Amino acid sequence: MAGSGLVLQLQKQLGDYTTSLFNEGFLDDQFNQLQQLQDESNPDFVVEVVSLFFEDSDRLLNELAKALNYQNTDFRKVDAHVHQLKGSSSSIGAQRVQRVCIAFRNHCEAQNIEGCLNCLQQVKQEYTLVKNKLETKLERQLLAARRSSFPM
Amino acid sequence: MAQSFIMESCNCIEPQWPADELLMKYQYISDFFIALAYFSIPLELIYFVKKSAVFPYRWVLVQFGAFIVLCGATHLINLWTFTMHSRTVAVVMTTAKVLTAAVSCATALMLVHIIPDLLSVKTRELFLKNKAAELDREMGLIRTQEETGRHVRMLTHEIRSTLDRHTILRTTLVELGRTLALEECALWMPTRTGLELQLSYTLRQQNPVGYTVPIHLPVINQVFGSNRALKISPNSPVARLRPISGKYVPGEVVAVRVPLLHLSNFQINDWPELSTKRYALMVLMLPSNSARQWHVHELELVEVVADQVAVALSHAAILEESMRARDLLFEQNVALDLARREAETAIRARNDFLAVMNHEMRTPMHAIIALSSLLQETELTPEQRLMVETILKSSNLLATLINDVLDLSRLEDGSLQLEKGTFNLHSVFKEVLNLIKPVASVKKLLVTLNIASDVPVYAVGDEKRLMQTILNVSGNAVKFSKEGSISMAASVIKPESLREYRTAEFFPVPSEGQFYLRVQVKDMGSGISPQDMPKLFTKFTQTQPLATRNSGGSGLGLAICKRFVNLMDGSIWVDSDGLGKGCTASFIVKLGFPERPYETKLPFAPKVQGNHIQTNFGGLKVLVMDDNGVGRSVTKGLLIHLGCDVTTVGSSDDCMRTVSLEHKVVFIDVSMDCYELASRVRERFGKRQERPLVVALTGNTDKATKDNCIRFGLDGVILKPISVDKMRNVLAELLEHRVLFEAM
């Protein structure tokens with residue numbers, strides 16, 4: 001049956017892709033845990049959490065851009081945002097984002113505006129990367145799921 | 001003097017006679033010498049008295065001296081009176097004479113007193129000399145005694161330094177011979193028959209031949225009758241150890257008895273008046289032709305030595321006995337050991353046999369039962385079906401019998417050990433009930449079960465065998481009842497009431513962590529007559545008349561139950577009012593309380609055996625507080641996956657609004673005000689048992705966080721990231737111990 005061959009192929013592709021994500025350090029074991037939590041009672045768990053992550057992070061990054069300026073930077077507020085971002089990324093398993101956040105927080109404590117701005121850039125970069133990767137992955141996952149439910 | 005006066009008065013006669021002149025001359029010379037002597041004697045006296053230190057009568061000597069001096073003076077003065085002399089001389093002469101007279105009289109009187117004294121001195125001197133001689137003699141005696149004592153000590157030491165009978169006796173003879181310089185020394189021992197004395201040891205003769213004398217000789221009797229050493233005639237048979245050769249005067253011979261103690265009648269109170277009359281005879285001979293005699297101290301020495309020998313011999317006898325006893329014990333030990341090994345071999349052989357037979361017997365049984373059941377499933381005519389059913393029933397019975405026999409034999413030799421596990425006690429009873437209900441309903445018997453409220457749901461013990469016992473007992477009740485009802489009751493015996501159940505063989509004691517379960521099965525069946533009562537629990541005896549034998553039962557059931565109950569530190573007994581009046585079977589067993597209490601109040605506690613990790617928390621209500629949306633969803637997903645009923649809040653105020661006693665756990669993501677939130681929660685619910693547990697989730701691994709958590713009274717801290725397994729363990733741990741602080 002050709003259909004099942006295609007499904008298998010897709011699934012294999014997905015598997016490879018996911019592995020590459022792990023290997024490149026984009027995702028860590030926490031993501032595995034999330035995937036484990038997805039079951040029949042909670043079929044869209046991963047999608048939900050990932051979407052939530054995207055929303056939250058977009059919002060936080062905007063706030064951070066607003067808060068960081070050369071005049072009166074409220075480092076406490078900045079730190080709070082970064083803390084949130086760190087929390088979210090670690091809950092998802094976005095390793096690289098989390099790491100940048102840790103560095104970001106150190107700069108905040110040191111009240112180093114230059115450092116903070118640098119980190120902000122880095123965070124945005126990493127976030128964009130992991131977002132793209134996750135979106136691709138999810139698309140492929142959906143595809144694989146849809147294909148497998150149609151015996152062709 | 002008279003002459004001179006006469007001469008003066010008649011101045012007419014011629015001159016003196018010429019012969020008188022010679023006489024006068026001699027007188028003159030004698031007087032001179034007398035005076036000389038008289039003067040020199042006192043001098044000599046004074047000289048010698050001064051020389052001697054001890055002379056008590058100096059005053060007498062002075063007197064004597066004075067007397068002699070005056071006498072001498074008198075005679076000296078007399079010299080002048082031969083010729084014409086003046087009146088002065090006469091006066092002097094008279095004075096001297098008067099003085100002399102006085103002194104000499106005084107001296108004479110004094111001597112009357114003194115001379116008896118002087119004589120008595122002589123007597124005293126004699127007396128003292130005698131005393132000195134006596135003391136000398138006594139000294140001699142004491143010295144001899146002391147020497148004797150030394151000898152005795154030395155002898156005793158020699159004798160007692162060994163516990164060997166022969167050495168003792170030989171040493172005695174040798175030492176005695178040496179000390180007393182004996183010619184011969186011999187020991188006569190009574191023979192086994194006690195009628196003769198046999199010469200056992202001698203000093204000089206090397207190997208005494210078995211020379212015997214009858215024991216009842218008068219001389220021997222005499223010696224045996226006294227505890228002193230007695231002199232005996234050298235001609236008596238005991239003393240004649242050497243052939244009489246030539247003429248020689250044999251030395252004196254002394255004999256003394258040596259008591260021989262027999263171990264069996266050695267009583268400390270009897271010593272030295274011995275209840276035994278067995279003596280040996282020691283004979284000692286002084287050298288012949290020596291004219292030596294036995295002195296008293298020598299005899300005493302001999303007596304003392306004889307006593308010591310007796311003591312030493314008794315010690316040696318005791319030692320011999322104990323050695324013999326020890327050898328005997330050793331032999332017995334060896335024999336016992338052998339017997340034990342044989343018994344063990346026999347048991348092993350029996351066990352092997354049983355094991356083999358077990359298998360061998362069960363295999364065909366299994367085949368029969370299996371095939372018969374299969375056969376039952378096929379198409380059969382009614383007669384065939386009946387036959388197959390009978391085959392099945394009989395083979396089932398046989399299988400049970402085999403099991404029972406094997407079980408019992410294992411129980412008998414104590415190789416059966418109870419298993420120990422936690423099980424549901426209530427369900428055991430229910431299962432038994434379910435098993436007997438079919439049979440009971442066929443017989444139209446009503447079965448009821450009553451479990452007391454104090455019977456714990458879970459208990460520790462051997463579930464299988466307990467069930468077997470209950471099943472057997474209730475099965476019997478059903479078997480032997482034709483009508484009526486059967487009631488089963490289970491209860492826990494309170495520690496105070498344990499004493500009521502004590503019997504000669506059963507001694508229950510309350511102990512920590514264990515309880516006594518009492519089970520009673522009452523039926524209204526055929527009952528048991530008093531004479532059959534004692535045979536109930538013995539193997540293979542049937543108490544039913546032949547007609548009712550068909551109700552089955554091998555007669556082993558109760559015996560096995562009794563064994564099981566005994567293994568469980570319990571007791572089983574049956575009461576019956578008599579034939580046809582039903583009976584009540586009761587038993588008590590000791591079970592343990594399970595270690596960790598299984599909360600049956602929580603709705604999610606499934607049956608867990610040993611492994612305490614629960615996989616499904618069945619609707620456990622929890623509250624998750626996290627201001628990070630992503631984190632919130634992740635934690636929620638985690639908890640939902642584990643089957644919890646999760647409520648999420650995003651802020652402290654929301655949390656305080658939502659939290660209630662229904663929530664068992666509140667997970668708070670650590671942030672700045674989580675400690676405050678925790679305090680508020682605790683304040684709200686106080687220290688009640690049902691209050692929700694407050695647990696912090698944090699990614700911080702520093703100790704400060706943990707310390708703060710403890711300080712603010714949180715019930716636990718968990719490190720993020722949290723995996724499913726981790727959350728599962730955490731929940732289980734929290735619910736059991738109500739506290740969890742992960743090692744940071």
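Any Cβ shown, glycine's included, is placed from N, Cα and C.
Heads up, TrEMBL stuff is auto-annotated, nobody curated it.
Feature annotations, reproduced from TrEMBL:
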type: BINDING; residues: B:CYS71, B:HIS75; note: Cu cation binding site
type: BINDING; residues: B:ASN476, B:ALA477, B:VAL478, B:LYS479, B:ASP523, B:LYS539, B:SER554, B:LEU558; note: ADP binding site
type: CROSSLNK; residues: B:LYS720; note: ubiquitin cross-link
type: DOMAIN; residues: B:356-595; note: domain 'Histidine kinase'
type: DOMAIN; residues: B:621-735; note: domain 'Response regulatory'
type: MOD_RES; residues: B:ASP669; note: 4-aspartylphosphate
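This view paints the features noted in TrEMBL onto the structure.
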| residue | record | CB count, 10 Å |
| --- | --- | --- |
| B:CYS71 | Cu cation binding site | 22 |
| B:HIS75 | Cu cation binding site | 21 |
| B:ASN476 | ADP binding site | 22 |
| B:ALA477 | ADP binding site | 26 |
| B:VAL478 | ADP binding site | 22 |
| B:LYS479 | ADP binding site | 20 |
| B:ASP523 | ADP binding site | 26 |
| B:LEU558 | ADP binding site | 24 |
| B:ASP669 | 4-aspartylphosphate | 20 |
| B:LYS720 | ubiquitin cross-link | 18 |
Secondary structure at B:ASP669 (4-aspartylphosphate), reduced by DSSP to three states: strand
Nearest of the binding-site residues (B:HIS75, B:VAL478, B:LYS479) to the residue listed as 'ubiquitin cross-link' - Cα to Cα: B:VAL478
Rounded distance in angstrom between the Cα atoms of B:LYS479 (ADP binding site) and the residue listed as '4-aspartylphosphate': 66
Within reach of chain A, those recorded positions of B:HIS75, B:ASN476, B:VAL478, B:LYS479, B:LEU558, B:LYS720, CB-CB under 8 Å: B:LYS720
Secondary structure content, the domain 'Response regulatory' (B:621-735) (per DSSP, counts of residues): 53 helix, 25 strand, 37 coil
Cα-to-Cα gap, B:ASP669 (4-aspartylphosphate) vs B:HIS75 (Cu cation binding site), nearest whole Å: 162
Arithmetic mean of per-residue pLDDT over the domain 'Response regulatory' (B:621-735): 80
Top Cα neighbour of B:HIS75 (Cu cation binding site) in the set of binding-site residues B:ALA477, B:VAL478, B:ASP523, B:LEU558: B:LEU558
Integer Å distance between the CA atoms belonging to B:CYS71 (Cu cation binding site) and B:ALA477 (ADP binding site): 156
By Cα-Cα distance, the member of binding-site residues B:ASN476, B:VAL478, B:ASP523, B:LEU558 nearest B:CYS71 (Cu cation binding site): B:LEU558
